[in-house]
């Protein structure tokens, strides 16, 4: 009964910090809209050509070179007659020698004239030219000596914007858990009621468990809002609803426990919010929020192996997109949830004992 009263008290305290409670929903939504909406479709980048695309079979094929969703990779524009780019225009593809492809050989020369000092854009232009060349040769050549057999993880290509939107659910789970866990203590510090916690006759473990449970319920509401927004934006049917519920709930427990432990030391609501936001963002990025960690080298993968966000992202992506059902992420999260909950109960009990000894 005492634990239920603690939960009720914590839930009632929501009205004390309404702006920060709303931030647990608004912050992930800002990331969601800033990235997922801006790249809601494929991206076509402009490129100047010499000669005009109508005068080159390769350039005509390049104009039809498209992403899996049908979006053209490049928008071809005939280069002005005066020659070199002026620094304000796009990169330029110059067909010096028209491509000729046979079953035995492929000859020709295309010059990529770089006009943008942005290394990322230079890479985009180079990659798309390479892809257009490979596609052109493959179409013209009937047979080859190399056979590629693709084994896909998912039945269909997952749009990047939708994958990113799904990953923000994990960011939101970490932010909500950390912040609500810390607020359960910062409210005590700011209301000068922390001493009552120390003098409470209730077992310290039950008080800590009640605070974690209340933070979990608040995070659950914030998470439900984010899941609803993603559902409205994309309308994708879940491949496994139990995986989604299990992964997010375990993350709420892990980070609500960590938040409560931090709240013992953090005594300011604003500081708690900033710590939660920065920590969640760092863990989310380091866990693969922007994409698979295999692209970032072995060091990133080693760090990711100790990051709960890595496992949550794998589980949430499976929940939405299917693929291979590997229970490892849920097992790791379950162990982490039990360990962090036990740890925070021990930390809280030690804190109350030390405070009693001081007083």
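One-based numbering along the chain as shown.
Backbone N, Cα and C define each Cβ position, glycine as well.
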Ranges 310-329, 330-349: which does TrEMBL label transmembrane segment?
330-349
So which range, 144-162, 163-181, gets flagged transmembrane segment in TrEMBL?
163-181
Under 8 angstroms, Cβ to Cβ: which one of 163-181, 212-235, 241-265 has the largest number of such pairs with the transmembrane segment (272-290)?
163-181
State the non-local partners of the transmembrane segment (163-181) in its own chain: residues 6+ outside its ends, Cβ under 8 Å from one of its Cβ atoms.
20-21, 23-25, 27-28, 31-32, 35-36, 39, 211-212, 214-216, 218-219, 222-223, 226-227, 230, 233-234, 248, 251-263, 272-273, 275-277, 279-281, 283-284, 287-290, 309, 312-313, 316-317, 320-321
Same chain, outside the transmembrane segment (212-235) by at least 6, Cβ under 8 Å from its Cβ: which residues?
3, 6-7, 9-11, 14, 21, 24-25, 28-29, 32, 36, 162, 165-166, 168-169, 172-173, 176-177, 180-181, 183-184, 244, 248-249, 252-253, 255-257, 259-260, 341, 344
